[in-house]
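Quick look at what TrEMBL lists:
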- 64-84: transmembrane segment (TRANSMEM)
- 96-116: transmembrane segment (TRANSMEM)
- 136-153: transmembrane segment (TRANSMEM)
- 192-211: transmembrane segment (TRANSMEM)
- 223-242: transmembrane segment (TRANSMEM)
- 285-301: transmembrane segment (TRANSMEM)
- 313-333: transmembrane segment (TRANSMEM)
- 353-372: transmembrane segment (TRANSMEM)
- 384-406: transmembrane segment (TRANSMEM)
- 412-432: transmembrane segment (TRANSMEM)
Amino acid sequence: MQFQNHLKPNDGANFGVFRPSVSKGAVKFSTFGASQSSEQMRTPEISAFARWYERFCVQPHQPFFANGSVQLIAFTGLMLLAFLTNGVIGADITLFHVYAFVFVIFIQFFLGFLFVVFPKFLVQASIAKSTYMRQFWAYFIVSWGFFASMFFVGKFYVLFMALDLALQTISFITLFKIHARSLVKDKYDTKWVLIAFAAGLVANFAFLLSQVDTKFSFLLRQIAIYAGFYLFLFALIFAIAQRMIPFFTSVKIAGYKINKSKFLMEKLFFLLALKVLFTGSSLEILPDVLLFIFFVYELFFKWKLPFFKAPAILWVLFLSLYWIPFGFFITAFNDLSDLFSWGAVFEKASLHAFALGYFMTILIGFGTRVVLGHSGQVPHAGKFAIFIFLLLQVVTCARIVAALGLNFSLDYAFWINLSAALLVAALGIWGVKYVTILLKGSTPH
């Protein structure tokens, strides 16, 4: 084939092509005609779809982020539809609102991120494309199957819950093997990611068991929801955030030094476990107050994040963290109201301060950074991105107003629908720009 590489376009047609062959130690040359030459030399044609697919799956975050983004919009839209139509969606709201967000949607974003950074953190070879794409297509089928099951009568969704649990177990094993093989001495951060992930598997399994009607079903479901929310999602996101946000800050802001407490994740996980254990009891105020103090001390006295010196792509991550102590401040007042029978209504204000202010904001902040950075662009936030960041804060405030407004006879349905509609709009606008980048894909290395 080296001879063919030096032929002029018409050489094969006019003279034939010499083809070397070896026989009994001697090199012989034979010729073949123009038609045979062109047939041998022709490069196989690759379809436009094949070229796109190659770019789309060249990095793990691209397919996972893309599907997660579309699903986030779809499930939020489904929730809005359920509120507006008053019961057209027959499924229990804990399924398409709580279970979907905790165990189906957010995990796709963080797996896309972890499949990229885990090998880097642990100095291991990148995860094979065949491995992460098999898992992606499995998540794609299971997540959309679960979405479709919301429109059917019966417990058809249980099948997809079981498949989701099995699939997340496979993803956990994939990450655990990388962690176990690594000879890196400091595995603190990856260890806590795996611990939070394992807690999520247990919570997911408990939620699945709660679908069997027994006298323990309600209790099991409540434990699964709170364990999934705090020990899995909250802890997993913070395990990543406490590694990445101070690092990004030290790189971007001259003179900033990383200063975190020792045993940071141990303290946090213990307090979150106490919160889950004491949920619904008079003792819940204890972990709530301690968590409020913990985050105020850690964020404002230890980390001291330079909010006003940071560019928007960085301060949005700071902003997401500031919602955490505010959320626990609300829970502490809620606990006091229950203890002293003040009669104040807090509904789910604290949970949505975490889910929208903390989870969603950090997701969009990290997502924007990762999408741009891994597509060859400088991570930045222009006016478009800043608008989305601020709109998410409006969404969070609207949802909290819906909850606290019950004490002032405000229209609960209006504020709920407004927050859901604004969230769909914010995610849709973000997706137009950033999901488009994901779908275009990257040039294969």
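Each Cβ is built from the backbone N, Cα and C atoms, and glycine gets one as well.
Counting only same-chain residues 6+ beyond the ends of the transmembrane segment (96-116), those with a CB under 8 A from a CB of the stretch are 59-65, 67-68, 71-72, 75, 78-79, 82, 89, 127, 132, 135, 139, 142-143, 146-147, 150, 161, 164, 168, 171, 174-175, 193, 200, 203-204, 207, 225, 228-229, 232-233, 236-237, 240, 355, 359, 363, 366-367, 370, 374. For the transmembrane segment (412-432), the partner stretch with the highest count of Cβ pairs under 8 angstroms, out of 64-84, 136-153, 192-211, is 64-84.
Here the transmembrane segment (136-153) has Cβ contacts under 8 Å with residues 57, 60, 63-64, 67, 71, 74-75, 78, 89-91, 95-96, 100, 104-105, 108, 111, 159-161, 163-164, 167, 170 of the same chain, all six or more residues outside its ends.
Long-range contacts of the transmembrane segment (384-406) within the same chain: residues 312-313, 316, 319, 323, 330, 345-349, 352-353, 356-357, 360-361, 364-365, 368, 412, 415-416, 418-419, 422-423, 425-426, 429-430, 433, each at least 6 residues beyond the stretch ends and with a Cβ under 8 Å from a Cβ of the stretch. Panel annotation: around the transmembrane segment (223-242), residues 94, 98, 102-103, 106, 110, 113-114, 189, 192-193, 195-197, 199-200, 202-204, 206-207, 210, 260, 264-265, 268-269, 272-273, 275-276, 279, 317, 320-321, 351, 354-355, 358-359, 362, 366 of the same chain, lying at least six beyond its termini, place a Cβ under 8 Å from a Cβ of the stretch.
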